[in-house]
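A.B. asks: Okay, handing you the structure first.
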């Protein structure tokens, strides 16, 4: 089985915030790390990259009188370093839409769609002040259906209806706030309507697409899919390859979606296995996982599969599109201008990255919008990590060193009590349950199994009380600690996708190396035998004490310093 994993491509005009991170990048990384243990490292490919074309970059470059690529070069390198070096994101390939492989692939792919492309004259919003054609999302106004005053030119976030800039009441340019004019211009349209029935059938038949994804995609289908313009009058982008389309570029959403394929091709070219990419995009032995925010559902659940179908090349359609709801910050939407939220270059200076990774997965908004609060974040660290997991590990390992000189005692199966067999069963089942949830993209729900096992372990110790058993029956105390030590190995493997360094630390304390070589399907087995020597015991997690005033003061200092080092585009 081949597993393709993708996180939505971050747009390079802003540093991602914590909501962006958990919506795509971090979630995809956690799943990819799990998948490598489950299916084997050679069978998993995890890709993404910087989305760098389109109007926002073009506008910024004009303001600064520089080439757009000068801005995106800096921003791409900044984001890449943050993801790979700071946040421990395990991409096989983190690329960019300015990659020559990507640009060539997009142009070639577009020509394969020509059967479903038609040329139409359309009225496009044009800002006379900024002297630029405006993409749908660069026009805002009032929704004609529900009256929502902040609707975008492509969709209303309040009622979910599809829109065009022409439909908006009182449309405004998002760049300057002025009313745009509508100019006639010729564009190339991808006929989505040709795939209305196929998309509907695919969605309804899927056993793995989440309900929130199905709901949004089917609402598009029920309204009737309409042709969508795949060209723009922007200069900064991939030139449209169609005859007569000189001066036009490919709409960024269409080309960014194709980046999932081009990034896979690029990865295998880098490692000298140029044909291997096909194993992750064709055939029945492939599963593909996309981690995105809910605002990107239509593009991944409608437009991407329609393009793949239209190519006529039997590309694998998405297996799971794991779309998160929104993460709020202390009850409010993230806002850079209003200083609401934490951005991914600020967060590492407030808490250890490993803690952040765990916190964000525990707060992952899988079914509804979720509120990040510092009180809850610190509770997760101090109670779930320190008390539930860390304390359990310390209790078990300390007793093995104290009572058995650091050697795992032998298990005597004939002396097992009901509590022992019950906990052994819980150890075996925990990684299976977590795997079932992860396979559906339910990472927060899956992470609950880690805590259940740690809490069950603490309860097991309290019930069996090996510190008392050791006084009269060393063999029975040995049974308890053998089982408990084996549960720590299980915990370390389950914790690894979320907290790779902490999991490796626990694994090392158990006397093992290279947790990445473990196999998920063996995670619940009692493989640690008698006389196995454990290593020195050290503190796995520490409690964090912070109050809101301290956090806000520290954030102000961090932001002042970052303003000096962030790339021009990201300030």
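Cβ coordinates are placed from backbone N, Cα and C, and glycine is handled just like the others.
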A.B. asks: According to Swiss-Prot, which listed range is motif ''KMSKS' region': 318-322, 323-327, 328-332, 333-337?
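C.D. replies: In Swiss-Prot, residues 333-337 carry the label motif ''KMSKS' region'.
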A.B. asks: In the same chain, who gets a Cβ under 8 Å from the motif ''HIGH' region' (10-20) while lying at least 6 residues past its ends?
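C.D. replies: For the motif ''HIGH' region' (10-20), the sequence-distant neighbours (Cβ-Cβ under 8 Å, at least 6 residues beyond its ends) are 48, 50-52, 54, 56-57, 60, 71-72, 75-76, 78-79, 82, 293, 326-329, 334, 336, 341-345, 347, 356, 360, 372, 566, 569-570.
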A.B. asks: With the Zn(2+) site defined by 143, 146, 156, 159, which remaining residues of that chain have Cβ atoms positioned within 8 Å of the Cβ centroid?
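C.D. replies: Sorted by sequence, the hits are 144, 145, 147, 148, 151, 157, 158, 160, 161, 163.
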A.B. asks: Among all the protein chains here, how many other CB atoms are within 10 A of the CB of residue 156 (Zn(2+) binding site)?
C.D. replies: 21
A.B. asks: When you measure from the Cβ of residue 336 (ATP binding site), how many other Cβ atoms are you left with inside 10 Å?
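C.D. replies: Neighbour count, Cβ to Cβ under the 10 Å cut-off: 13.
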A.B. asks: List only the single closest residue to residue 336 (ATP binding site), chosen from the binding-site residues 143, 146, 156, 159 by CA-CA distance.
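C.D. replies: Its closest listed neighbour, by Cα, is 156.
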A.B. asks: Within 10 Å of each Cβ, count the other Cβ atoms and name the one among the binding-site residues 143, 146, 159 with the highest count.
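C.D. replies: Top count of Cβ atoms within 10 Å goes to 143.
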